[in-house]
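Q: TrEMBL lists these features:
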DOMAIN    77-169  domain 'PH'
DOMAIN    194-283  domain 'PH'
DOMAIN    289-359  domain 'Arf-GAP'
DOMAIN    436-543  domain 'PH'
DOMAIN    655-828  domain 'Rho-GAP'
DOMAIN    853-942  domain 'Ras-associating'
Amino acid sequence: MADRDVFLPVPGWGKGRYNSLCSDDELLDDDNEPISSHRSSWQDYGLSTLQGSVYLPVRGRVLAPPPRDGPSPEPCTVLKIGWLDKNPTQGSLYYQRRWVKLDVDYLRYFDNDKEVYSKRIIPTAAITGVTNVGEQKFEVATANRNFLFKAESDSERNEWVAVLQNFTRGHQEGSREMTSLVPPSFLTPGSPLTPEQQGYLELRGLRSKLYTVVSGDKVFLYKNMEDYRLGIGITSIDMNVGNVKVTDRRSFDLTTPYRIFSFLADSEQHKEQWVEAMRDAIGEALSNSEVANQIWAEPSNGCCADCGAAKPEWAAINLCVVVCKRCAGEHRGLGPSISKVRSLKMDRKVWTEELIQALCINVQCSDVLETLCLVFCGADVNCSTGQTDCPSPLSLALAHNQKLQAQFLSHNLNSELPHSEVTGDMEPQHYSPQHPVIHNGFLFKTASMVRPITERKAREEFSRRWCMLNDGNFSYYESDKTSTPNGALKSTEIVCLSVNTPERHGYDHTFELYSDSERLYLFGTDDQDSHKEWVKSITKMFIPSNAEALLRLSFERIGRLKYKDGLNLQSPRVGWFALVGSSLHAYLEDSEEEEEIHLRKLQELCEYAHAHTHTYTLILFSTLYIEGERKLDFQGWCVGIQKAAGSAGDSLSQQQLTEADIPVIVDRCIDYITQCGLTSEGIYRKSGGNSRVAALCEAFRRDARNVRLKEEEHQVDDVSNTLKRFFRESGEGLFTKQAASAWLSTPEESKKISQYQLLLSRLPKVNKATLRALVNHLYCVQRFAELNQMNLHNLAIVFGPTLFQSDGKDFTAGRVVEELIEHYTDVFEVDEQQLKRQLDEITVIIKASGSAGDFICTVYLEEKKETAEQHVKIPGSMTAAELTCEILDRRKIQVREKDYWSCWEVSQKEETERPLHHLERVLPILHSLGTDSHLLVKKNLAMEAILVYLASKVDVSKHGMVKFREERSILGLGLNTGSFHDRYFILNTVSLRMYKEVRSNRSEREWQVKNLRVYLGIKKKLRPPTCWGLTVIYKSEKQEKPEKQQW
């Protein structure tokens, strides 16, 4: 199939000279040569068909490349070069003249022999065959496409075919003699480039975008993602001759001596990412990492000597320390007489082999001062001399009987030189270097594994090994007499350490090490003190200094993981985590303080795998995602966290808890009975089905977080008996065994309330919160005793023995419960208005269920019309997220990626709307809705922009000028007045303050953020000055009528 010429002329551009990416007679090559039967493999990637043709415009052509002092890329071996005719495009009878070049990496063709950037690059590794197809023609076949060329004669055609066939045959047979002197290509079949940045960019003047890839020190251009997957590109740009310059909000130029590429990104944030990636590629192209890698091979050089930043790329050669880029600037400020700063990657003239050779020569004489100068100028004391009998400078000095030299070298093998740190007040402070972690001794080790250890390892499966921890390496030997280790782990290779429970394996105390190469190492000992010392030493070796506080914890598992938080869900960052009991301690990136996550309080915990990226994610809650790239260690994290997040015993504090420190089982049962059982006669007195109650208790004990009580599935008496059984079987009891006798003692009538308050304050936090929630619930139950026949006395008879775990013969327990319910507002210091609102809500629920059987609400999908109506039964515990999922499930709507569905409160009268928070309960909202308001489920189109904004925002505060209007009544007639005025607002996490102007020192008004309800939109009748408006309602607990403002 042939191409068809399509020209996309750019307005205002005259006839000009086009570069090698396009020509006057051809668009950017579509290469619509015959496509093989392997076309179906494109669908394996889930990709669409090829995009339309593109026509690349000229952009700032540079006529002559200027000389450059920087490094130039080593040219690849050219196997064949010359003119060939490429097959004609569709509708054309003429072949296109192309300059074709074959080297060990690519077959490229250009417009002419002067061009630098090709029209097409075909990886030689992707060529599957070369055949003659007629007079002077030959065909180059790849797995997905065929390319047809025509030579000037049969002899020349035969030369091309012979060279290509020999080369491809070498590939197929695995022989690489022709390419042994050349570094391997980045591009190989079935293995695309390893990109630092990839995606579509618009090249200025084009109608379609190009798929651009930044990889290593090159930028590759492709027509689309399909071509990138297939490896068939347009051209590659060597970044050693490139320069990146930002030209506009979304655009930037990549300038080379031969051409200027003007790119346009989708957003300003994407532009910054592309510019940073290309500048990193330039740095990579201009740098020489050989010296840096040699220096970083020494573990003590792996971080900045001043601030601890990883992979420092600068060094003070006279102080013999490595520093990061920021600290290098501080060193330069001290002057060259104090600190001589050089780059490890670009100042190649400093880091020469002569420096190492000079050291090796000098240690053979007695000039210690010269050796000292060489060491302080950057010579490696541990370098190789190249002699088998004297492999190091130390052995060389001993061989020449230079004892003083040998003594100096031995003392500096692992030394860190002291220096002065300059603080903010410019006062020098002495720097105390950290002592290297050194430890050795015998441990028992099993063979390394690639799977988790699920079975018990017997003592016979362990082998005794001499283990050493030194210079950031953990090595194990056959015995303490052996000099060659059986194996070793660098500190950078260890990603996790797990401490097993005692006696889990044949040896009493064991620990597991996980490496980044997906290997697991099990070590054990019978000595508890030795075990603790090894765990502490190994952990100290691989945990960074900013997370050293984790070492003080009695952790079960510690290591590094990637994570995403609520403000940065785009790219994962590295954090250090330690699992301690039911808590997860973390040092997150850019965080100086330790964060503690109480796992039993998690409201969401799930695990899923990404098939396309081979990563695994554990969602702790909606704002924290923990990711693992290695399944082996991450699987251990998942098991450990899920176990820690579950119930661990019978006491209240060992249960899964809510944010209010109430056991989830208590919270769920109380909610269900409040919604469905307050009118049930004899509630808590009647017995439920024993088997059903036992099954429900077991489900809560197994994972209370995932138990959902539903009216159509669970009976009221079963739930009430489940709650009673939980309190009766709880380990320490609600009042605790130690304090139970004090609660049961009879206080004086005048001191009764204060005595109960004193005992309440002495209860553990979870017990106190649970007792408050239960008594509040029982108070509400007895307020509706005319319906359920459960008054104060009846409830006390049932719950007295249950809560005190007694046999029921002593009526004192019932008296205590009765008095706590009777004096609930005084003992627990309850807000009367808040309690009244709670009882009013319960009354509404009872009336609704009594009149219609269930509380039914009409919810609309996307718009208010009859065909979009959905009638939903709303329980008291239903949240906005649950209602949204219910509606979408009913209509069988699949939620795609980046679809953000929400439940909205819409007021037609006020012409406003607001999205409900996903945890906001729906029932109270329904009670407050007027006749002109309704609930609507629709997509939140602004959510993507909100997430991007939050991810880029460091400070959560907001300030600025806003037009403001407040509603107020004229003479109590209910007529609203007031116009919009300019006011200056400052918003933070606690309050919203209003000032008359920017320079005002005192605020006119201040509102608590927690009492604000924000709606989108303003009633048109109020004539807002702009179409972007908010209606804000403020209501505090002390106010009877809310305030309303328009912004």
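Cβ coordinates are placed from backbone N, Cα and C, and glycine is handled just like the others.
All TrEMBL annotations are machine predictions without curation.
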Q: How do the residues of the domain 'PH' (194-283) split into helix, strand and coil according to DSSP?
A: 25 helix, 37 strand, 28 coil
Q: Mean pLDDT, the domain 'PH' (436-543)?
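A: Residues in the domain 'PH' (436-543) carry a mean pLDDT of 90 in this prediction.
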Q: Would you mind splitting the domain 'PH' (436-543) into helix, strand and coil residue counts from DSSP?
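A: Going by DSSP assignments, the domain 'PH' (436-543) contains 21 helix, 44 strand, 43 coil.
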Q: Just to be sure I understand, if DSSP states are collapsed into helix, strand and coil, how many residues of the domain 'PH' (77-169) fall in each?
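A: Residue counts in helix, strand and coil order: 19 helix, 46 strand, 28 coil.
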Q: In the domain 'Ras-associating' (853-942), how many residues does DSSP put in helix, strand and coil?
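A: Per DSSP, the residues of the domain 'Ras-associating' (853-942) fall into 21 helix, 31 strand, 38 coil.
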